[in-house]
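Student: Under the heading domain 'PDZ', TrEMBL lists 51-138. Look at TrEMBL and you will find 1-18 tagged as signal peptide.
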Amino acid sequence: MRATLLAALALAGGPAFAKPLDDLQRADALVQTVGWKLSHANARFCTRAAPGIGLILQDAQTFDDPAGARAAYGLTGDIAIAAVAASGPAARAGLDANDTIVAIAGTPVTTVPMARKDRWARVLALQTTLETTVANKGEVALMLAGGRTVTVHGEPACRVRFMLDDGGGNASSGRDDVRIGRGLFDDAHGDETLVAALAAHELAHAALDHQSVLEANDSVAVVRKTEREADRLAVWLLANAGYPPEAEARLARTVLSRKQFIFVSATHGGWRTRAADIEREIAVLNAAPDRDWPLRFRREIQP
């Protein structure tokens, strides 16, 4: 996929500005945008929250043709910004996709070596450094190619990293990360509210620490409860972020209904059942005096 996108860029004559240039970067940008909106709006409710800036890095060495990637995206080094959240602190500080990064918090990015067997290890380590610096200090200084340094001040967010998985078809999450598979993303056809619904379901898993639940008991019955909780909590997360909570039910009807062979009914429930559960939760949300979900949300699993 990445090689194909680079070939298309080369035929187009390459970039003129540091903006999202292709479908991959536009998808990255949308995932960052919805992820930031959801995590920032729900930060006061997340048990694991920290300042964030709404930015994800990229490494030209993760592409099939690193030199081609640098040329196509106009990079002067391997490490650059892959995407920024449209409404996030990084964007407001003037950072944009394809800005080449020379140093993070005063440390040159070249101090992190490229791993021999894992081409993603370096950029993930640098991303962790960036996020940890913001979480601990409330800000991070990024030196760009040309010597300009931009200091970005973090704002409250759930401490969860949002990423587009270009090689994946599904979506997944852990304690501190959400991955949206390119297959599911494409099925949303660029509809921001549907992508937000995908991200909200996965953020719900992280916010409720379902990973710990499943490490203790990963029976089908417990997995089913975690999926039902994620469907229901997503409604609250969407509403707090200014998205229509009905988007979660629309996701079930328009996207998940076509993916039933992936989302096994025994663990996830059929799409009709999921849509009905979501609609009932929307009624609960609308009847609640506020959207304080740690107080109002009914857990099916006792932590």
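Backbone N, Cα and C define each Cβ position, glycine as well.
Bear in mind that the values here come from a model prediction, so they are computed numbers and not experimental data.
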Student: Just to confirm my parser: what is the rounded mean pLDDT across the domain 'PDZ' (51-138)?
Tutor: 97
Student: Mind tallying the domain 'PDZ' (51-138) by DSSP state, helix then strand then coil?
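Tutor: Reading the DSSP string over the domain 'PDZ' (51-138) gives 35 helix, 20 strand, 33 coil.
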